[in-house]
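J.: As annotated in TrEMBL:
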- 1-27: region 'Disordered' (REGION)
- 8-27: compositional bias 'Basic and acidic residues' (COMPBIAS)
- 43-48, 150-151, 175-181, 200-204, 269-272: GTP binding site (BINDING)
- Ser47, Thr181: Mg(2+) binding site (BINDING)
- 290-308: transmembrane segment (TRANSMEM)
Amino acid sequence: MGSGASSESKESARRSRELEKKLQEDAEREARTVKLLLLGAGESGKSTIVKQMKIIHKDGFTYQERMEFRPVIYSNAVQSILSIVKALTKLGINYENPARIEDEKKLCAMATNLEDGDMTSELVELIKQLWNDGGIQACFARASEYQLNDSAAYYLNDLDRLAMPDYVPSEQDVLHSRVKTTGIIETQFSFKDLNFRMFDVGGQRSERKKWIHCFEGVTCIIFCAALSAYDMVLVEDKEVNRMHESLQLFNSICNHKCFATTSIVLFLNKKDLFKEKITKVHLNICFPEYNGKAFIYLFVCLLFLFFFPRRKYIQMIRVGHALKIKIFIQVTYI
């Protein structure tokens, strides 16, 4: 009996050591885990950051994964030209060539019956003829007055390549693709000896109530805002300026009790689109208080953090103006 009790004691001690070892390993793994929360209004570039992390830290997209983006890219191209066509009437713009009216009817009929992954030569020619029309180009130049994907010109200027039978989307094609994010999407990757868990959540107002589930234990927030959105309105509320929405959302995040000690990385995205747009549309359409020159990126960084009330002090590393909590600013092409 004594021998049996001794064996049980040894087995119990062994299990205890194994449990302690597992708990220690879990604790060490947790200590090396960085939880990133991607926040921002819709169309601000969050999903593009996720794709870039996959390219940089997870060996990119496989052939099969890139092929899965093909119907998405075709849909983006078709929906882009349809959005421009539908905006013609709203903006009071006519086709330069009246023959395009029939092309528009054909396009609408074909788009209704379009199957995923199908990009016929007839459809491509219709889209090209419409895209090259002066009226369509005039409408495209006023894209801030209606809803249009940022990738519209990227795809519509390269239709011949996209329509090739053996077309395989490039990484740039994938980065430009747009699918509305719904729910919460987690991406995991490693860098050096750290494990990153990045959570991308929908930016539209209806999706934001889901963010609360990601708040606990966040190491860092990556907040995205599109510089080029200063003259655009929300998809879900055409009375609200997108930049104003980003400012309000950023302010609420900065002052949320869950983030009292959380560092924030502020990505001011789409600077290439902003650089092009700012020569045509003055920044005072968004900020009436400003009447000076509006083409300096640094100014936009300052402006973004100036036009809202804040209870936290801010340290703007990139700008070089140190105050108190840590908000790191990065201006990007995303």
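Counting begins at 1 with the first residue displayed.
From the backbone N, Cα and C atoms, a Cβ is placed for every residue, glycine too.
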J.: Spatial neighbours of Ser47 (Mg(2+) binding site) among the binding-site residues Asp150, Asp200, Lys270, defined as Cα within 10 A: which are they?
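T.: Correct set: Asp200.
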J.: Please compare the binding-site residues Lys46, His176, Lys270 by how many other CB atoms fall within 10 Å of each one's CB, and tell me which has the fewest.
T.: His176
J.: I need the least crowded one of these binding-site residues (Glu43, Asp150, Asp200), counting other C-beta atoms within 10 angstroms of each C-beta.
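T.: Asp150, out of the binding-site residues Glu43, Asp150, Asp200, has the fewest neighbouring Cβ atoms within 10 Å.
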J.: Can you count the other CB atoms that lie within 10 A of the CB of Thr181 (Mg(2+) binding site)?
T.: 18
J.: How many other Cβ atoms sit within 10 Å of the Cβ of Val179 (GTP binding site)?
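T.: So the number of other Cβ atoms within 10 Å of Val179 (GTP binding site) is 10.
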J.: Using all protein chains in view, find how many other C-beta atoms are within 10 Å of the C-beta of Ser47 (Mg(2+) binding site).
T.: 22
J.: Per DSSP, His176 (GTP binding site) is which: helix, strand or coil?
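T.: Its secondary structure by DSSP: helix.
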J.: For Thr181 (Mg(2+) binding site), which of these binding-site residues sit within 10 Å, Cα to Cα: Asp150, Asp200, Lys270?
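T.: Neighbours among binding-site residues, in sequence order: Asp200.
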J.: Determine, from DSSP, whether Asp200 (GTP binding site) sits in helix, strand or coil.
T.: strand
